[in-house]
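Trainee: Here you go, one structure.
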Amino acid sequence: MSNSAMSVVILAAGKGTRMYSDLPKVLHPLAGKPMVQHVIDAAMKLGAKNVHLVYGHGGDLLKNTLTDGALNWVLQAEQLGTGHAMQQAAPHFADDEDVLMLYGDVPLISVDTLQRLMAAKPQGGIGLLTVKLADPSGYGRIVRENDQVVGIVEHKDANEAQRQINEINTGILVANGRDLKRWLGMLNNDNAQGEFYITDIIALAHADGKKIEAVHPSRLSEVEGVNNRLQLSRLERIYQAEQSEKLLLAGVMLLDPARFDLRGELVHGRDISIDANVIIEGTVKLGDRVKIGAGCVLKNCVIGDDCEISPYSVLEDAVLAAECTVGPFARLRPGAELAVGAHVGNFVEMKKARLGKGSKAGHLSYLGDAEIGDDVNIGAGTITCNYDGANKHKTIIGDGVFVGSDTQLVAPVSVGKGSTIAAGTTVTRDIGEDELVLSRVKQVHIQGWQRPVKKK
């Protein structure tokens, strides 16, 4: 089947009562993004011509969160079953296309399994994804005659013999648009739930002489749905275990794979070492021989070769050239940039600031809206005072500057190359090159000073 002649319908109208949340169920995050986004991503990777998202509860929130302009939004005002949901989308189906039906709360479905399902779909028939369970209680059973699928019966409507069947319906199927529209128009709600079941089209297709081909997923977790937070947490751990396995096989050393979370994409070089409880968010790119210490969080960062991030550092939208060292307990906020061999130590925060080649900020400093040259020493307790209560201002420090401890640089201000700022100085005016600047109150000694004594 040609992917150019395919549309996807994603059912996402459920409220998710058992989540006990005001957030629509399909927006609850798995691996850092809404679970329905995983399904949308799979549909896009398949090359679907159209992706129809059927929504109900929390429509405005869904639209504000899922901003991909390629989605076609289909309202299901009343939730009257899966068949009813598909009926709402049916007017959008082309007669000559195949339509793949997915679920927003089944987030781990793989592109590989869906490709096999579409390839297995008989001409004019239905491709159906099924699994076999040791305990199929509660699920719709696959009814076969002479090994051919002839129908699906829901658990509540099944007789005792049918309840012994262990092959169950996952709900995922693909069918021709023209046939699907006709079968959807023939559905009724004459069942124990009083709902329109999409599963009834299997019997309708069989009655039309159409063949139904069943395909099994590569892993059972691919078709596990989410109805409560326990199930969501289970799928999160399954997903993370799979990502850890892929990284290990690709040469990344995860010192404790069970305590690593990938909530985005990790692009990596060779000989990477990542300690326990590290979280990767967004897109993170690591060069060769990078070491990430325990408890670090990296989001949308580029880390050069031979860098070391010590434990409990948080980096977001930061760029590090080669041979940089960061932390422990450092924070690099968006716009932080370190040149080759730069060092940021414990309890140093950077935001929209560049630290030049070989420059160091070792301890307890804030560097915001700053351009810092090469071979600069930033003493402990240095603050770039960048905010005047209304606007942000820039601090520029030239090459080879030595900034003493407990220095405040009140921006906008610039410091010429080679200058020295004495400890405890508040800089309010520009400094030229090779100057010594200090602005302390003269130290006074009073002999025999007696501190006040509390009255008893």
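Quick reminder: no glycine exception, Cβ is built from N, Cα and C everywhere.
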Trainee: According to Swiss-Prot, N386, Y387, S405, A423, R440 bind acetyl-CoA; which one of A361, A380 is listed for that same site?
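Mentor: For acetyl-CoA, Swiss-Prot names N386, Y387, S405, A423, R440; of A361, A380, the listed one is A380.
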Trainee: Taking the binding-site residues one at a time (G14, G81, G104), which has its Cβ surrounded by the most other Cβ atoms within 10 Å?
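Mentor: Output for this query is G104.
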Trainee: Give me the non-local Cβ neighbours of N377 (UDP-N-acetyl-alpha-D-glucosamine binding site): same chain, 6+ apart in sequence, Cβ-Cβ under 8 Å, ordered along the sequence.
Mentor: S359, K360, V401, F402, V403
Trainee: Using C-alpha positions only, work out which of the binding-site residues N227, Y387, S405 is nearest to G14 (UDP-N-acetyl-alpha-D-glucosamine binding site).
Mentor: N227
Trainee: Provide the number of Cβ atoms within 10 Å of the Cβ of A380 (acetyl-CoA binding site), excluding the reference atom itself.
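Mentor: Total other Cβ atoms inside 10 Å, all chains included: 19.
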